[in-house]
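Chemist: Have a look at this one before I ask anything.
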Amino acid sequence: MFPMVTEFMNYGQQTVRAARYIGQGFMITLSHANRLPVTIQYPYEKLITSERFRGRIHFEFDKCIACEVCVRVCPIDLPVVDWKLETDIRKKRLLNYSIDFGICIFCGNCVEYCPTNCLSMTEEYELSTYDRHELNYNQIALGRLPMSIIDDYTIRTIFNLPERKT
């Protein structure tokens, strides 16, 4: 008779323990239910990028002195700088400047080391195309400023993301 009573007691203890574990899991689920969603609906919602975001490079043709520092500091020798030496004034004249964003790793060395600050990083990160040759930007394409995300009325911008607890 005693073995049967102890089995019922063990069964009762196991049932209470299982209910407690299920309750703990349910409480964790409920605590996550009132948090803001982490996922954004990308084409319709966009995050505001930080000031230090390394997006597409903006180039100012008038400021460039064709010193080629950007080419020397680039880990993959990417910027193509074509210049002509003006013998009468003994200065280089910039003819063409281009960057292939299909190869660029967006390290920002060219922007950091440019002595005249003619290069800057923008907040533009949507560079996808169907043809990789369209990613080769010349000085005209590099000179265009991107449309600001805040000014685009077709999308909802998300300013504050919920902070993750670690």
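Glycine too: its Cβ is placed from the backbone N, Cα and C atoms.
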Chemist: Which of Cys74, Cys118 does Swiss-Prot put in the same [4Fe-4S] cluster 2 site as Cys104, Cys107, Cys110?
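Modeler: Candidate in the recorded [4Fe-4S] cluster 2 site: Cys74.
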Chemist: Validating a neighbour-count step here. Other CB atoms within 10 A of the CB of Cys107 ([4Fe-4S] cluster 2 binding site): how many?
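Modeler: Step by step: centre on the Cβ of Cys107 ([4Fe-4S] cluster 2 binding site), count other Cβ atoms within 10 Å, giving 14.
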Chemist: Compute the mean position of the Cβ atoms of Cys74, Cys104, Cys107, Cys110, which form the recorded [4Fe-4S] cluster 2 site, and then list in sequence order the other residues of that chain whose Cβ is within 8 Å of it.
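Modeler: So the additional residues around the site are Ile57, Cys70, Val73, Pro75, Ile76, Leu78, Pro79, Ile99, Ile105, Phe106, Gly108, Asn109.
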Chemist: Other than its close neighbours in sequence, what residues sit by the domain '4Fe-4S ferredoxin-type 1' (55-84), given a CB gap under 8 Å and a spacing of at least six beyond its ends?
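Modeler: Long-range Cβ neighbours of the domain '4Fe-4S ferredoxin-type 1' (55-84): 49, 91-101, 103-107, 109-125, 127, 137, 139, 142-143, 145-146.
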